[in-house]
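Look at Swiss-Prot and you will find Cys270, Cys273, Cys305, Glu312 tagged as [4Fe-4S] cluster binding site, backed by sequence analysis.
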Amino acid sequence: MYNESPIIRRKSSRIYVGNVPIGDGAPIAVQSMTNTRTTDVEATVAQIKALENVGADIVRVSVPTMDAAEAFKLIKQQTSIPLIADIHFDYRIALKVAEYGVDCLRINPGNIGNEERIRSVVECARDMNIPIRIGVNGGSLEKDLMDKYKEPTPEALLESAMRHVDILDRLNFDQFKVSVKASDVFLAVESYRLLAKQIVQPLHLGITEAGGARAGSVKSAVGLGMLLADGIGDTLRISLAADPVEEIKVGFDILKSLRIRSRGINFIACPSCSRQEFDVISTVNELEQRLEDIVTPMDVSIIGCVVNGPGEALVSDIGLTGGNRMSGYYDDGVRQKERFDNTNIVDSLEAKIRAKAAIVAGRIPAQDLNK
């Protein structure tokens with residue numbers, strides 16, 4: 001069933017990255033980052049479009065050189081999704097991509113340079129109505145902070161962030177969001193909690209360098225889940241050493257699990273045991289692949305026997321409960337006379353889910369499909 005989340009989100013100010021609202025109650029935006037060579041325009045554009053196809057709201061692109069900045073110009077012309085330029089070391093690159101229509105600038109306080117350079121970036125951003133993300137990272141803190149704290153600590157990440165928030169405040173620039181990422185879950189979580197008490201600007205969440213697809217997804221789910229459950233977070237990125245498309249899928253899965261933002265089908269499936277009347281695991285895997293194109297939020301329960309099947313089906317849009325040779329089918333929690341042959345479950349259930357998705361899409365207000 002389509003249920004609202006009980007989480008009360010932190011109040012924050014509103015900015016826009018392109019046409020995507022961030023903060024002040026807007027849907028939490030899911031983003032990823034390209035891992036192609038930015039100078040390979042064709043490959044980068046293809047990856048951006050692949051990310052957009054699986055639901056990305058925003059895509060970040062690394063722009064390490066002036067040659068990459070020139071490539072960014074071409075990339076921007078060939079894509080429609082809002083793009084963030086990731087800038088390190090050379091502030092002049094930020095000024096260049098601003099000319100080319102970048103939707104947001106990410107700068108790293110640990111390496112972007114002195115206040116005068118930041119001032120140049122801020123004045124350019126103000127003139128061109130471009131928001132900024134202050135992106136603090138536990139792996140690249142300023143030298144004086146490392147000398148002071150000896151290692152990355154929540155207080156060190158907070159001080160780095162607030163140092164640059166204060167600069168933007170002095171420059172009367174409020175169109176920014178902030179992140180304080182770390183690869184350690186507890187370090188990141190505590191840093192974000194401290195920061196959330198200090199500022200009203202939107203917060204971008206992430207566990208940086210989280211790891212490969214499996215371990216990184218788990219680490220991100222634990223860390224971001226703790227923060228999101230506290231109501232903290234306005235955008236997020238799942239950092240995986242994997243195909244960036246997987247980052248978007250995991251991001252939506254986390255939001256879906258917390259009922260914060262639902263996109264696509266939430267499969268409720270048993271791990272299976274000797275009581276299963278059909279192959280639950282292969283059924284779920286096949287349906288997940290076939291139904292990736294559905295964006296309508298739905299709960300579908302697929303349970304291999306009658307122990308928990310009927311109970312889960314009662315609170316699902318569509319439910320399947322394993323039976324001897326034929327499995328029971330539920331629609332909106334009501335058992336139907338129709339039963340599914342256990343040898344043809346995938347095709348039959350796919351057809352029912354697609355038909356149901358069309359019905360659900362019609363009864364849920366259009367604006368809620370993006371929540």
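Note that Cβ sites are derived from N, Cα and C of the backbone, with glycine treated the same way.
For the [4Fe-4S] cluster site, the Cβ centre of Cys270, Cys273, Cys305, Glu312 serves as reference, and the other residues of the chain with Cβ at most 8 Å from it are Pro271, Ser272, Arg275, Gln276, Val280, Ile303, Gly304, Val307, Asn308, Gly309, Gly322. Cβ neighbours of Cys305 ([4Fe-4S] cluster binding site) (same chain, under 8 Å, six or more residues apart in sequence): Cys270, Cys273, Arg275, Gln276, Glu277, Thr321, Gly322.
Cβ-based crowding with a 10 Å cutoff singles out Cys270 as the top-ranked of the binding-site residues Cys270, Cys273.
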